[in-house]
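Step one of this worksheet: look at the structure below.
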Amino acid sequence: MVRRDRLRRMREWWVQVGLLAVPLLAAYLHIPPPQLSPALHSWKTSGKFFTYKGLRIFYQDSVGVVGSPEIVVLLHGFPTSSYDWYKIWEGLTLRFHRVIALDFLGFGFSDKPRPHQYSIFEQASIVESLLRHLGLQNRRINLLSHDYGDIVAQELLYRYKQNRSGRLTIKSLCLSNGGIFPETHRPLLLQKLLKDGGVLSPILTRLMNFFVFSRGLTPVFGPYTRPTESELWDMWAGIRNNDGNLVIDSLLQYINQRKKFRRRWVGALASVTIPIHFIYGPLDPINPYPEFLELYRKTLPRSTVSILDDHISHYPQLEDPMGFLNAYMGFINSF
C-alpha cells in the first residue's frame, strides 16, 4: 500500500513537472531574435538585396578608389556573415575600386529556406549570379575568402579552370584559415554532432542559444583577441535572423561535401597559374599548426603564405585586422 502511494505521488510529481516544462519550453523555442546593434543595423541598411531563384541574397558593394580597375569580392566563413569583414572594409576601399561581399544563402541577412539542400556548388553559383547582377561578369576579379568561403572559392576556381559558361574571370585568390584539406580539418564537437546527428540535429538546433553559441565560438579565437560580448551578440543576431539556427545542420553538410569532392577542389588549387596566397592565424584549433601549413606548402608550392602573430587564431581578419590587411596588400601589390 505504501509503495503504491509512493508510485502515485511520483507520477503526480512528474505530471506537474511536465505541465510546468511544456509552457517553459514553448516560450524558450519562441524567443525572438535579438535586436540588431546600431553598427549591425547600419551594415544592413547600407547593403542591398538581389534575387537568386526566388531567394533574397544580401550583399554590400562599396565604390572605393576612383580610376582603379581593381575589384575584390569577399567570401565569409561559417557560421557568420559578410559582417566579418567590417574591420578591414575601409582599408580595402583605399586600394580597390569596388569592394563587394555577400551573405551566402542560409547566412546573415540572406534568406534561409528550410528544408533545403545547401551546397558549395549553389553558393558558388550565387556568387556568379551576383557578379552578373552587378554587370561585372566579364571583369577580372580578386577573391578574398575565409573558412567556408575558402571552399566556395575553390569551386569558383575549378569552374574558371574548366572555362565553364558563366564562370568568373579570377585574377587572384587569397585564402585564410579555411579547412581546404579534409585530413587536417578539426571541426568543433557541436559541428560534428550537427552534421551527423540525424534526428538529433533538429532538436539541437532548436535548443541552441546565445550561451551555447558563445561558449562554442570563443575558443577558436586567440587568448588576447577574443570578441567582446557585444561582438558575439552581433554574430548571434546574424545567425538568428530568419531563424538561421534551424538550418545550421543543413549548412554543415559542406564538411561531407568537402571530403567527397576533395580531388576536384584541391586539384583546382594545385593546377591553376593565377597568384594564390594564404593568410594564416597559426593558433587555429580547427586548422592546426604545423600539420595544416606543412600540407599546404607541400600541395601548393607556388603559393605564398603570410603567418600572423603566434596568438592569432581562426578569425584573423577580426583578431588582427591591421596585420591581415597588410598581409593582403603585400600580396596584391606583388603582381
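Along the chain as shown, the residues are counted starting at 1.
Note: Cβ is positioned from N, Cα and C throughout, glycine not excepted.
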Per Swiss-Prot, the range holding motif 'RVIALD', considering 98-103, 104-109, 152-157, 206-211 = 98-103
Query = Quick one: DSSP breakdown of the motif 'RVIALD' (98-103) into helix, strand and coil?
reply = 0 helix, 5 strand, 1 coil
Remark   = Ordered by sequence, the long-range same-chain Cβ contacts of ASN163 (N-linked glycosylation site) under 8 Å (at least 6 apart) are none
